[in-house]
Structures are given as C-alpha cells and as structure tokens.
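Feature annotations, reproduced from TrEMBL:
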type   : residues : note
REPEAT : 90-131   : repeat 'WD'
REPEAT : 132-174  : repeat 'WD'
REPEAT : 175-216  : repeat 'WD'
REPEAT : 217-259  : repeat 'WD'
REPEAT : 260-301  : repeat 'WD'
REPEAT : 302-337  : repeat 'WD'
REPEAT : 345-386  : repeat 'WD'
REPEAT : 387-419  : repeat 'WD'
Amino acid sequence: MKLLKFHLRYYPPGLVLEYLQKGLVKNKDIDLLDLNSNTDIQDLTNKLFQREVLITDDVKDQLEQCLGTLKKRIEHEGPTGKRFYIYKTLVTHVLPLTNVCFDKVGERCLSGSYDRTCKVWDVESGQELKTLTGHQNVVYSVAFNFPACNRVITGSFDKTAKIWKPETGECLETLWGHTGEVVAAQFSTKGDYAATGSMDNTAKLFDVKTGSEINTYVGHTAEVIALQFDPNEGQRLITGSFDGTISIWDTRLKDRVSVLRGHEGEISNVQFNWDSSLVGSSSLDGSAKLWDARKTECLATVSGHTDEVLDICFDWAGQRMATSSSDCSARIYDVRSDFKELAVMRGHREEVSKVCFSPAGGCLLTASADRSARVWNTNTGNCLQVLSGHCGEIFSCAFSYAGDAIITASKDNTCRIWR
C-alpha cells in the first residue's frame, strides 16, 4: 500500500487517505470528531503516525500541516463569529414556500412551493436558474444528492416524487406507487437510492438510475413524516411516524429491523448522528429521546420543554443534540454524558419550528413563527444576532456547508440569503 495524498474534510473534521493498493486507488476515512481549538496538533500527529500504517515518516510534516489547517477552520468560526447581513431577498414563488436547502458549496439553493414547482437559485446573483415543473400538486420536500449535488429530488402532494437534473431542469424519473401525499424524500449517501415517506403510512425505496421501486416499507400505522439514510454506508434507513414510533430498516431487506417505542405522541423529526451509532427523535409529546441505533435501546429522555418538540438535530461531530419547541425555546444537550443540558436559548416570542448547528458547531440557528431567525452561542445560550425582515412566519432555515451563508424561508413567499 502506498499513500498518494491527504484530503481534508472540514465538517465533521477528518482526513481521507487516498492510497494505492494492487493497482487500485482506494480511500480511507479518519474521523477527528474531538478536534477543537485546544487540540495539540503535534501530539495528534504522533498518535496518527503510530496508528496508521499508511502514514510514514516522510509525510509526517505534511500531516501536521493538514491537521493545523483543520484546526484553523474550526477556530475561524468561533462562537461569537462575524455578524450576518442581508445579502439577497429572493421573491421566489406566487404561493407560499414549503422547504429550502443549499447545495454543498453554497452556490445554489432550492425552494419548494404550494405553486407546484421547485426552483433552483444562484445564491451569488439571486437569479433563478431553473424552474422544475411537472408536479400536479404542492412540492413539499426538496433535496440535493450530497456531495455531488448534480441531482435533485422533490416530494409532492400529488403522491409522487421526481428526480431532476438541476442544470437543465429535466425530469429524469418519476417515482410512483404511493397512495398518499409524499412529505419526505431523500437520496442515500452514495446517491444510488432514494427513499420517500408518505401520508399513506409507508416508506418506499427506489433505484435512482431507473426510477424503479425496490421496496415498500410497511409497518407504521400512521403517516410517515420524516426519514433519513445513515450517513456512512446508506444501508440503513430510519422513519418517523405520527404513530409515535421510529422504525429502522435495512435497505437490503424488505422487513424492518427494529422499532423504537417510547414516545406518547406523534414524531416530528428523526435523525442519525454522524457515525450512525445514535438516533435522535423529537415528539409532540413534549420530549426528545436518544436511542442506541445498534442495540435499539432508549439511552435518555429529556422533558425540559413545556410544549411540543418540533425539531431535532445533531451537530456535525454527533456529540451534541439540539431541540426546538412550541414553548418558544431551543435547547442543546451533550449526548456523551447522560444527555446533560448545556444551554437554553430563550428570546423568540412564538414557536421555534426549526433548529440547526453551524458546520463548526459554534452557533445554533433557529427559525420561528415570530417572523425572525436567530443565531445563538452554543456554549452560553446567548443570542448573537436576530435576523429580522420577513413579513411572515419563518419555517425553514439552513447554514451553507462553509458556514458563511444562511438561508431563511418564510410564509411571506420569500427566501432571504444572509452572509
């Protein structure tokens, strides 16, 4: 085996070793989830040198430089960060928006709408690049295939999902089979599969290239409103349902692997952490739960919120989990130490419907029905900035991969880009 080069992975921090083995180029991922501003780079270099046979003495200096670059990226954001300013207002659709997302490099964003379309936008210029037209009802779910971002999937109330080529606006495949509205749609990690969740109580797995159905996942007794592939191999799928349960499926099997029971109300969101060892769930019963994804055991339940928990997310390193609630607050928990509460974010005047960490983890972004989004210090819970200007409820928000841009979507039919 011969090491060819190092590739840096900023979020979550890690290295990819590209090497040659028997004439074939292969990659090996090294997670550095504990890398932070206090890390001793020389000590970390020595530990990796001793552990990895691919890292030889002649590339040790290069390794140390790479680790130093990763550390600087984390330090650059910092919890107090730079202030965001309004960069573009995208007057997007005739009817209200449903969802938004960035591509990986933050150059394009998607918006779905009640006007039955999905639009692709150039973030820098604010210009509409393409309108994806073809659905016969509300476009509720929109997503890119990360990291390539050369395909888009949309889920619609017309009971179908569609796969598009964003550069041309061409619909490549229509995914048929559901008998209810499609409210969740996502590509697998490798981009070869797509999964959909529907109000018909089922989820489906499709082949992206052919559009053919591979499996229908039956078992939930109410609407399937959230789903996610595991971030590593994409061979596991979790689904969250209004029946109060979370199901874990193996994409190679038809029947579900396990069911996570314990919530007493509808599930509002489910998510894997980075290494797929944990599952987080939020529920309208006012609680959030942390589950062991392999043993399918509930590790912790938090009931700090006084109303419905509407959203949940992990930071990129998978070490903290954030929740948002109808009680107008957001909270952050440490998933490594008995789910200890680290910070409470109070300041919104109405329900907080969406929450997400910045890529480096120093900031938390929240979206609220009070027409504002807020950026918070994840260590102290202090509000760093209020993003105001929308004339309607903000229901979706996201950071770009680099953390230098924010998108907010509102019921005033506009998206705002903040930089």
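Every residue gets a Cβ built from N, Cα and C, even glycine.
All TrEMBL annotations are machine predictions without curation.
Helix, strand and coil content of the repeat 'WD' (302-337), in residues and according to DSSP, is 0 helix, 19 strand, 17 coil. Panel annotation: around the repeat 'WD' (260-301), residues 12, 31, 33, 222, 225-228, 230-233, 236, 238-248, 307-314, 316-318, 321, 323, 325, 333, 335, 338-339 of the same chain, lying at least six beyond its termini, place a Cβ under 8 Å from a Cβ of the stretch. Counting only same-chain residues 6+ beyond the ends of the repeat 'WD' (175-216), those with a CB under 8 A from a CB of the stretch are 137-138, 140-141, 143-146, 148, 151, 153-163, 222-234, 237, 239, 241, 243, 249, 251, 254. With a cut-off of 8 Å between Cβ atoms, the residues of this chain six or more beyond the repeat 'WD' (387-419) that come close are 10-11, 77, 84-97, 99-102, 104-106, 109, 111, 121, 123, 126, 350, 353-354, 356-360, 363, 365-375.
Residue counts for the repeat 'WD' (345-386) under DSSP, helix first, then strand, then coil, are 0 helix, 23 strand, 19 coil. Mapped onto DSSP classes, the repeat 'WD' (387-419) shows 0 helix, 17 strand, 16 coil.
Within the repeat 'WD' (260-301), the DSSP-based counts of helix, strand and coil residues read 0 helix, 23 strand, 19 coil.
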